[in-house]
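*Asks:* Provided herewith is a single structure, encoded as structure tokens, for subsequent inquiry.
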């Protein structure tokens with residue numbers, strides 16, 4: 001790697017891949033495979049790919065992640081014109097467990113936890129990509145915190161008068177759900193008749209697509225539609241006649257059992273349980289259904305009424321949350337290891353993201369390590385200035 | 001004027017150097033109280049020096065004789081400080097028998113104290129107010145303490161030979177009472193701080209069962225230290241030490257008896273009141289049994305026996321240990337790892 005750094009130094013920016021290969025061929029046989037891997041299928045990735053970046057096809061990025069990727073990563077994808085994700089141990093651990101899931105057993109719950117900016121959301125996205133490539137139905141809630149704060153419209157629920165609806169959030173989620181799971185919408189049929197108003201109802205046996213369209217067009221009923229979709233999927237997955245497997249991915253799952261900042265008309269706070277969306281999602285979180293998996297992440301960024309430094313499961317989930325999620329498999333997502341840091345550094349160098357010549361020296365690298373403490377998000381921000 | 005001729009004295013020679021310095025000094029002393037150079041108060045000191053110089057040829061002995069009479073008063077030169085005369089093996093307790101302020105000439109140590117001059121060292125001990133201001137313990141050197149102990153020995157009794165270890169002391173004398181008494185020279189010999197009494201006892205030496213111990217801890221609150229298992233009762237509400245001691249003993253007796261009593265309302269203890277997490281009957285137990293039943297681990301069976309069988313399994317016991325440890329000890333890497341392994345084993349992953 002030292003050789004590569006020194007050799008790249010004299011080459012100016014416009015040295016394309018040819019020049020790089022020409023030069024690096026003297027020192028190492030395959031320069032690009034140090035931090036990149038050609039194995040773009042998550043199912044075939046293994047320990048020897050640890051620390052290497054694999055490319056997500058742009059078609060996948062558009063369908064699987066209409067709303068799932070972190071904001072800064074989306075900007076990076078736009079800048080670099082490619083979506084590269086690092087293969088890291090926590091993701092592969094969960095993926096290998098998912099490969100071995102038994103359809104007849106109850107759904108297993110996985111929880112990614114770690115310090116702020118250590119890569120939990122990205123690991124979740126990697127796992128979701130795996131589920132998508134394997135043909136699972138992905139129910140992805142990108143940020144559960146969005147459902148318990150900053151609600152512009154709060155309607156009392158027509159279904160249950162003690163609960164509250166959030167039409168805007170529900171419609172947005174349904175739209176993104178439709179983009180991700182196009183192929184399944186026409187295959188899955190509802191098992192129950194849903195009556196929305198006196199004149200509108202969805203008959204038994206109609207496709208999921210019609211249900212979702214109903215929710216998107218009739219905004220008022222969207223929250224109940226979300227509930228119906230979740231119920232249908234929960235009942236049908238794992239049954240012998242259905243051929244799909246359900247992956248429920250929730251980012252910021254601690255929002256479901258925390259506090260909300262939404263207030264009712266009389267200025268009292270709304271308990272998350274009183275929100276239809278949260279109530280239905282909580283039902284999905286229980287492992288009383290089969291034929292799939294529940295992959296979740298804790299998130300402190302965006303959480304309300306939590307300390308900035310808390311990252312451990314019990315402190316973010318609280319007693320109630322922990323008891324509801326129990327038994328789950330906690331997976332720790334640590335900061336970059338040395339190898340992963342090297343890989344990230346080389347990737348940024350390759351993408352010409354590190355502009356200053358000082359950052360190409362050993363001293364510059366040590367400075368980056370010191371400033372960021374190998375924290376992925378800090379590193380990304382700092383490299384933008386270097 | 002005075003000034004120009006002063007400089008002329010400087011150039012003269014070594015002899016005059018002594019005079020010049022004194023002349024300088026006198027000039028300084030004139031200037032400091034703000035008198036102008038025009039005024040010459042100690043004109044005598046200065047001008048005589050001058051006149052000696054310039055009017056050596058002109059004036060004769062009468063002025064010289066006058067100078068001798070009017071010149072500096074006889075001042076005894078200070079001798080060597082006492083530190084130079086002290087032998088190395090002297091008796092220090094004789095130099096500092098009582099608490100005395102710092103005397104630089106009596107202490108043979110090159111001590112420096114204060115703010116250092118820029119690029120230099122702190123000021124030396126001679127004339128150093130900082131060293132005088134602070135209390136010193138030069139009267140309490142080990143030699144002095146030894147002498148005090150020797151003086152006190154006739155008034156002491158032997159330590160009982162049977163109590164040679166701490167453990168034996170704890171066993172025979174579990175209750176430790178700590179008091180302070182004060183001696184000072186002043187208008188009154190009383191000191192109100194002398195009434196405070198600290199009574200400490202290890203809870204393991206008291207005969208308490210599980211329920212009594214929990215009740216005692218709730219009654220006592222902050223006064224109990226978990227790490228050392230010591231209950232400390234501090235009594236200072238009475239004016240006399242003896243009264244406070246009696247009160248502290250009374251408190252201990254009352255706490256002990258009260259913690260053994262069981263009230264009717266204690267049966268309403270809820271989960272939130274529990275000091276420790278107990279897994280039996282908790283949500284966690286329900287969840288895991290539920291999951292295992294649905295995974296059909298125990299085979300077909302009914303209700304109670306299935307649950308009993310599942311509970312007896314090793315993985316379930318491990319899971320129970322890990323959850324209890326997590327809840328009681330709090331979260332850290334090791335507890336989390338243990339929990340993860342236990343869950344994987346139970347769910348057969």
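Just so you know, glycine gets a Cβ as well, placed from its N, Cα and C.
These numbers come from a predicted model, not from an experiment.
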*Asks:* Match it up for me: which of B:49-85, B:86-122 does TrEMBL list as region 'Disordered'?
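*Replies:* Of B:49-85, B:86-122, TrEMBL gives region 'Disordered' for B:49-85.
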*Asks:* Where does the mean pLDDT land for the domain 'Small ribosomal subunit protein mS35 mitochondrial conserved' (B:174-260)?
*Replies:* 94
*Asks:* Could you give the number of helix, strand and coil residues in the domain 'Small ribosomal subunit protein mS35 mitochondrial conserved' (B:174-260) as assigned by DSSP?
*Replies:* 41 helix, 18 strand, 28 coil
